[in-house]
Amino acid sequence: MSEARKLFIKTYGCQMNVYDSERMAEALGAKGYVLTEVAEEADMVLLNTCHIREKAAEKVYSDLGRLRPLKTAKPDLKIGVAGCVAQAEGEEILKRMPLVDLVVGPQSYHRLPDMLERTEGGARVVDTDFPEEDKFDHLPERKATRGPAAFLTVQEGCDKFCAFCVVPYTRGAEVSRPFARLMAEARGLVERGVREITLLGQNVNAWSNDGRGLGGLIRELARIDGLERLRYTTSHPNDMADDLIEAHGAEPKLMPYLHLPVQSGSDRILKAMNRKHTAEHYLRLIERIRAARPDILLTSDFIVGFPGETEADFEATLDLIRAVGFGSAFSFKYSARPGTPAAEKPELPAEVCDARLQRLQALVTEQQRAAQMAMVGREVGVLYEKAGRLPGQMVGKSDHLHAVHVEDKAGQVGDLVRVRITASAPNSLAGERLGA
């Protein structure tokens, strides 16, 4: 029996890419590949890339450059680039990096085994088409899970065309996976020990199928015996339907956590971004969501230094942050992406963007620390995902997605326990198990 070939995957960017990497590993597993965490051991190295920011894209080329010595030492090593950089740059990757054997876009990775077979004869292959067929129809059934929490992609693509964003160009139009297939995949995950599922999509709350929206899907998933927790990400304010907001109050298995990007608090900048909503619309949404689920923790995304942003625009963003009170937020300086409308506009001075980002992050950090301190003394559910670094310690995620360290010598990965929070650190909480 021949020795199994080894596959190393490096994943960049969003949770969608984490899910895609798992599915690519499963597709190649059907061809005899097993995962390794050591690139030097691999027979194939696959970089699953992100194109949302310029630095993310350039990091891929830097990492490819670091693979040159390995390719020289192992000429039969196959190197592939997948994901959104692959979709955006295609043939250009082969021109810039002769060591790359194949380039596969996010809508084509079900064809990865066939592409790899073609490289065995020396061909260099690019497949960045948007096929008519559903790629999920051609992928093997999910058989492996890496813990009690799993991702499930329910929707791909985006039709919003925000002026700064490449997603509509790299991931295509919004497509919702069929309800029946999602239910079957979720049941399969639970049968393999998964207790928490996070529903994924570039614009996940745009999902619709068979007359259901995302709220209806969540209600049906919650009926699966053994599935204890549900989450979803990432959402657009314009697709927060009444049914979905109601689900936050009505469905106990839907965790009290919501990531709802707003990007700016200035209506003028929101219009320039083509966000199709106002700051007031966002604030009213937050009121309704909190009315449905008062204990919900909210997080968001912000871009500072968007072309044309004035000091007054930036102050409006700070005002919105103060008005909402976020548990955390991802914040970035504007990064022009080729092919997007905003890339044609003059950029702000770097020093202005740097100063604004520091001010925004200081405010968000203050809110994050306050939110975590407010958890001290409260009882929360924690799903253990791994053993801690200290003996007898377990680490898991709370209902609000905080990392929690618990002293629990009898604890096992997959246990869902009640914990009293005893202390707050900058990026995590500590607690004691109740009823042990």
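Numbers here mean position along the shown chain, with the first residue as 1.
For all residues, glycine too, the Cβ spot is worked out from N, Cα and C.
Since we're looking at a predicted model, the values are computed, not measured.
Over in Swiss-Prot, the protein carries these features:
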- Cys14, Cys50, Cys84: [4Fe-4S] cluster 1 binding site (BINDING)
- Cys158, Cys162, Cys165: [4Fe-4S] cluster 2 binding site (BINDING)
- 5-121: domain 'MTTase N-terminal' (DOMAIN)
- 144-374: domain 'Radical SAM core' (DOMAIN)
- 373-435: domain 'TRAM' (DOMAIN)
Tally of helix, strand and coil residues over the domain 'TRAM' (373-435) according to DSSP?
1 helix, 34 strand, 28 coil
Around the C-beta of Cys158 ([4Fe-4S] cluster 2 binding site), how many further C-beta atoms are within 10 angstroms, looking at every protein chain?
23
Note down the number of other Cβ atoms within 10 Å of the Cβ of Cys84 ([4Fe-4S] cluster 1 binding site), including every protein chain shown.
27
Applying a 10 Å Cβ distance cut-off over all chains shown, what neighbour count does Cys162 ([4Fe-4S] cluster 2 binding site) have?
21
Just give the helix, strand and coil counts over the domain 'MTTase N-terminal' (5-121), going by DSSP.
61 helix, 24 strand, 32 coil
Arithmetic mean of per-residue pLDDT over the domain 'Radical SAM core' (144-374):
96
Does Cys165 ([4Fe-4S] cluster 2 binding site) have same-chain partners at least 6 apart in sequence with Cβ under 8 Å from its own Cβ, and which are they?
Ile52, Cys158, Arg337, Thr340
Rounded Cα separation (Å) that holds between Cys14 ([4Fe-4S] cluster 1 binding site) and Cys162 ([4Fe-4S] cluster 2 binding site):
18
Go through Cys14, Cys50, our binding-site residues, and report the one whose Cβ sees the most other Cβ atoms within 10 Å.
Cys50
Roughly how many angstrom lie between the C-alpha atoms of Cys162 ([4Fe-4S] cluster 2 binding site) and Cys50 ([4Fe-4S] cluster 1 binding site)?
17
